[in-house]
């Protein structure tokens, strides 16, 4: 029987990381209940997997866009459920994918649970690419800048984006490379812990990011406009860039703070923002060994902390604020509301804000495994990120589409950028 069963990924088994696939099975008996599985191993050797039971229709077919999961890692109709519901075989692990040359490989399979106890009926490999065809990846080591520049194929000019991804040290390229596949020139930079940079830092200098913007603007294919995309701690750095540097046209802020956090911020050798710090007594240790730090930051609105707030009313460009209601890293939704109120108080309407119920801290390009907890670079131990898997996955799909639309609208060049084709 297994020779007749077909498992297909449509429109093709090789796609971009942020593209959905339709999962279909045919050749089964009418009403046959099978288990669908997905499995992937990350670069650290951590295995991520999911499973769900499905019942074949009268024609012996299963279509994940139509049919509900009856049990397993998720329930109901979830076309991409097998991907986002994959969980690590070890606690507190995030899916690590830094090598962009090789695709994110996921093995899908159909197993017979009625007879033969898990006998494999069919399997197929999904190759999810992070580097679009024709996108150029170039490591950058120029002046103080350490990072990677991604350039789409074609003559341009293309809108440019500075990607501030991680504050845990090192470099993250996934989001930057995917943005480039959608027609943006993207520079992702490290702040410390990469190449010949210092292992740790005690202060942040806005001059470094100003240099990064200047580097981007002088690239051949870049149009006149530059935007910044950020998440978590890097989001408050993005706010300060928008507020103090003239060349930032748009700022995407994802689950950040309204104040400068953790480290003092300098510009042209002068302290411009002292840091908002954490109150250790408000850190909650959970049974899993991970900590909940949602309410651990000192109050941004207390009189003694007002000097840490970023003066975003100074910004000339536009903001897109995106906050997860169930963020357990900190209270992103409250910070977003504070910023909206501050801008409105100053008569500003240069912003859009989006709130995601049921989503956690780590909002990433869609269809990766949901991460409930992992090691926190600043806290030095595992932290709960929050969110419920299905809501979080839905938020990532909506967020990614919204970001691409926002960047295209407000960074548009004279020529419309072409999307890199697979």
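Backbone N, Cα and C atoms are what each Cβ position is placed from, and that goes for glycine too.
Annotated domain 'BAAT/Acyl-CoA thioester hydrolase C-terminal' per TrEMBL: 204-412, in sequence order.
The active site, charge relay system annotation in TrEMBL covers 232 (among others). Cβ neighbour count for residue 232 (active site, charge relay system) (all protein chains, 10 Å cutoff from its Cβ): 27.
Its Cβ taken as reference, residue 327 (active site, charge relay system) is surrounded by 27 other Cβ atoms within 10 Å in the chains shown. Per TrEMBL, active site, charge relay system is recorded for 327 (among others).
Within the same chain, residues at least 6 positions away in sequence whose Cβ sits under 8 Å from that of residue 361 (active site, charge relay system) are 232, 255, 324, 327, 328, 329, 330, 332, 385, 386, 387. Sequence annotations record features per position, and here TrEMBL assigns active site, charge relay system to 361 (among others).
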